[in-house]
């Protein structure tokens, strides 16, 4: 006997679909506006979604190409956007790799080893992670100012110092990977030990291949967080050529003149490395899930 949908059920389905469309519009519309502003003539934040006279002026300036005006004058790129983009990718890439390495080894120790004070350390790490980095800006500046006197490449206005500062925020990632490790059956490592594998070999050859999905997630989250981070980077970096893109983009928005078009083009460029890394990591994520299912 065929089931007949009541009107109330249909209305709920329609309401759900309408809510989803509204939610998508709230997400997509601002992104489309940013793209539209980057193709408008002039530096105006308001205007139609589809520019009447599309222009590549802002994109050329963002890519480091001088623009020739109608009167014959030449407008040089105001800021080294591509240098900022490279700085962001370099800092985010190195930081993410180091965070994954440190978080993985630390999580393995907390998940598989027994030592005094383990629970206390875990809880303390989580409590300290709850405090925002903004509260420690003064301390960070004083710390890296002093550190730079002994280790110059870890001092102020260095990417090494910035990367080192980001490594202090791995507590959440340690907890995440630790939880994943605890879902993996210990019998796999015990079987490897019976075959003569050392704890390091069992960790590297058994546990890590099964943990590719969570490692990919941690890498993505770390990369996104570093690319978009502003307070610490703006504190430690003072040279314009050493800025990351998130910090450098603020140079377009000064009280005398808001360069919205140039800012929008730089904003779209800042999304490219995140998108590329996510797509690449997504491939590894799916591969890791499949491999883990077969080996398990």
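For all residues, glycine too, the Cβ spot is worked out from N, Cα and C.
What Swiss-Prot lists as topological domain 'Cytoplasmic' is 1-12 (among others).
Annotation comment: Swiss-Prot describes 13-35 (among others) as transmembrane segment, evidence class sequence analysis.
Swiss-Prot lists 36-88 (among others) with the feature topological domain 'Periplasmic', giving sequence analysis as the kind of evidence.
Marked as domain 'ABC transmembrane type-1' by Swiss-Prot on the basis of sequence analysis: 85-281.
Annotation source Swiss-Prot lists transmembrane segment at 89-111 (among others).
Residues or ranges marked as topological domain 'Cytoplasmic' in Swiss-Prot: 112-123 (among others). Helix first, then strand, then coil: DSSP counts for the topological domain 'Cytoplasmic' (112-123) stand at 7 helix, 0 strand, 5 coil.
Sequence-distant contacts of the transmembrane segment (124-143) (same chain, six or more residues past either end, CB-CB distance under 8 Å): 156, 165, 169, 171-172, 174-175, 231-232, 235-236. Swiss-Prot lists 124-143 (among others) with the feature transmembrane segment.
For the topological domain 'Periplasmic' (144-152), the residues of the chain that approach it from at least six positions outside its boundaries are 158, 161, 164-165, 236, judged by C-beta separation under 8 angstroms. Residues annotated as topological domain 'Periplasmic' in Swiss-Prot, with sequence analysis given as evidence: 144-152 (among others).
Only residues 6 or more beyond the boundaries of the transmembrane segment (153-175), in the same chain, are considered here, and those with a CB under 8 A from a CB of the stretch are 87, 90-91, 94-95, 98-100, 102-103, 106-107, 110, 122, 125-126, 128-129, 133, 140-141, 144-145, 147, 218, 221-222, 225-226, 229, 232-233, 236-239, 242, 244. Per Swiss-Prot, the feature transmembrane segment maps to 153-175 (among others); the stated evidence is sequence analysis.
The annotation topological domain 'Cytoplasmic' is assigned in Swiss-Prot to 176-204 (among others) on the grounds of sequence analysis. Tertiary neighbourhood of the topological domain 'Cytoplasmic' (176-204): same-chain residues 103-104, 107-108, 110-112, 122, 210-211, 213-215, 217-218, 296, selected by CB-CB distance under 8 Å and a gap of 6+ residues from either end.
Marked as transmembrane segment by Swiss-Prot: 205-227 (among others).
Taken from Swiss-Prot, the feature topological domain 'Periplasmic' covers 228-257 (among others). Panel annotation: around the topological domain 'Periplasmic' (228-257), residues 43, 78-81, 83-85, 87-88, 91, 133-134, 137, 140-141, 144, 156-159, 161-162, 165-166, 263, 266-267, 269-270 of the same chain, lying at least six beyond its termini, place a Cβ under 8 Å from a Cβ of the stretch.
Taken from Swiss-Prot, the feature transmembrane segment covers 258-280 (among others).
Annotation source Swiss-Prot lists topological domain 'Cytoplasmic' at 281-296 (among others).
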Overall pLDDT for the topological domain 'Periplasmic' (228-257), taken as the rounded mean: 90
DSSP residue counts for the topological domain 'Cytoplasmic' (176-204), split into helix, strand and coil: 21 helix, 0 strand, 8 coil
